[in-house]
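Visitor: A single structure is presented below for examination.
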């Protein structure tokens, strides 16, 4: 390194290279984090690339920094690629600046070494952050089982037995007892209990729960999951109508941090130590989602006394903990009556009672209708929906293939990310209103985030192209459909192109039936009469019969969430099939299906676009637009 006392000795080629990279690191810190470095000497430094977000633990960084002197404070903000260090004297800070800048450090899980870049900062402010409280109704019992009992339970799991109660789920092992837990709807088939009940090796742990008064109901369903480092659980609430109040989770083999999220957006990370028992009841069971972020390290408290409870955001107390193989035993009691909990807004039993008759737009209002009959539905059916959406449509693939290499493309309403990986030569970013669908995108390593199509958080003119596939037809009024179109065009640069697909009223066009009609196995009529397309009319929306022609433009379309292992259903065996497997869970999605010329006319109302091409593709009206 060159001198920092104002003189300018001749620099070697390596030193010049280091100073250039150090200047770049300063620029990045200022641009993205707002951290201002200073040219004069001080006791405090910012260590770029030396953060928890780079996979550098507190112990690892501290060992390097202490070579240069006594460290007074070391702040490591969660998930950030930098840290702040304050030495007891400016001389020690100068020594660190001179000797550690450019030093390589191997992160806990880094494939390549990390290079540290140090810069002086004026002052490091230590902000005291209190640990959040546990969600109401959440209890953690530490050391619930002994190490010997833990070993016995883990060794008793027969992962190799080939039964219907064992499956491989997204590369992790899972085993069910009592009833098979269905991950597509967080429920069980109550009419199909598994033989054998709960295993004997769990008896002692359950007896202890009863003796300590931790549970009111004896569990009759158990799911065992084995998680390797890097695996997680999407945020969810176990279906209210499926299980009784208490849900128990026993963590064996390793500790883990589980995230609890309130509907208001507040998140509480909770440490579950090895051999601890988690009990969710009341508000924590019915209102808060719980999940585990898929990663190989957790951010935890560094203090040894903080072995259980919530994780604070105090950057002076955080470090990384490398995950190990964790096996969770989740015990539930199957419910056989409707849920009557104190959280009706989140309760499927109480919502079903309110929604026995189809809604009217006048009663709900457009945004409420979309929230109840689009947003919530897609979150509930995300897994099943994604499993049916895997093959890109050829003409959409052709559009993406026609774009220049390196184009920046937004997929607004990307769903499960089916089109995000079609053309590897493009830089594609997806967004969707459904968090569960976005989670699926992230599992597939696509770039995607949650937002509303009416307000996409990107600057105007940022994209070379946009696609909107099967999105705009979910908006309940013409004004909102036009607003969604305007937002799409706002994202485009001048000369940028957009491809838009919406469902067509004309499922048979020029004597050719769409695939939607061709897949119909019956010729049933609509399930209710068409009630008109004027959304101001306070009449119930008609419920469409799947695989038939449309008789109204504004309607509800059913989605049948099918039980697993369901046999082929025909009119002749329908009654027997439902007796054996249970009926489908039915969700209704709002659609406005477009008539011929409607989409093109809507586009022509915008002054800054030109319709390049308009066509009908498999029951959809489609346009390609260019921004003027």
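From the backbone N, Cα and C atoms, a Cβ is placed for every residue, glycine too.
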Visitor: Looking at Swiss-Prot, which one out of 217, 236, 240 binds Zn(2+) in the same site as 339, 341, 347?
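Guide: Swiss-Prot lists 339, 341, 347 binding Zn(2+), and from 217, 236, 240 it also lists 240.
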Visitor: Please pick, from 262, 290, the residue that Swiss-Prot records in the Fe cation site together with 236, 238.
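Guide: The record-listed residue among the candidates is 290.
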Visitor: Can you dig out which of the ranges 383-402, 563-582 Swiss-Prot describes as region 'Disordered'?
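Guide: Here Swiss-Prot associates region 'Disordered' with the stretch 563-582.
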Visitor: Using DSSP, what's the helix, strand and coil tally for the domain 'RRM' (43-123)?
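Guide: Across the domain 'RRM' (43-123), DSSP assigns the residues as follows: 25 helix, 25 strand, 31 coil.
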Visitor: On the three-state reduction of DSSP, what should I expect for residue 341 (Zn(2+) binding site)?
Guide: coil
Visitor: What Cα-Cα separation, expressed in whole Å, is found between residue 240 (Zn(2+) binding site) and residue 227 (2-oxoglutarate binding site)?
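Guide: Between the alpha carbons of residue 240 (Zn(2+) binding site) and residue 227 (2-oxoglutarate binding site) there are 25 Å.
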Visitor: Distance between residue 347 (Zn(2+) binding site) and residue 332 (2-oxoglutarate binding site) at the Cα atoms, whole Å?
Guide: 17
Visitor: Could you list the residues of the same chain, at least six apart in sequence, whose Cβ is under 8 A from the Cβ of residue 226 (2-oxoglutarate binding site)?
Guide: 159, 172, 173, 174, 325, 326, 327
Visitor: Determine the minimum-neighbour residue: among 326, 332, listed as binding-site residues, which Cβ has the fewest other Cβ atoms within 10 angstroms?
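Guide: Result for the binding-site residues 326, 332: minimum number of other Cβ atoms within 10 Å at 326.
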Visitor: Using DSSP, what is the helix/strand/coil residue split across the domain 'Fe2OG dioxygenase' (218-335)?
Guide: 4 helix, 58 strand, 56 coil
Visitor: Consider the binding-site residues 225, 227, 332 and say which one has the Cα lying nearest the Cα of residue 339 (Zn(2+) binding site).
Guide: 332
Visitor: Taking the centroid of the Cβ atoms of 240, 339, 341, 347 (Zn(2+) site), which other same-chain residues have Cβ within 8 Å of it?
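Guide: Other same-chain residues near the Zn(2+) site: 241, 286, 338, 340, 343, 344, 346, 348, 349, 350.
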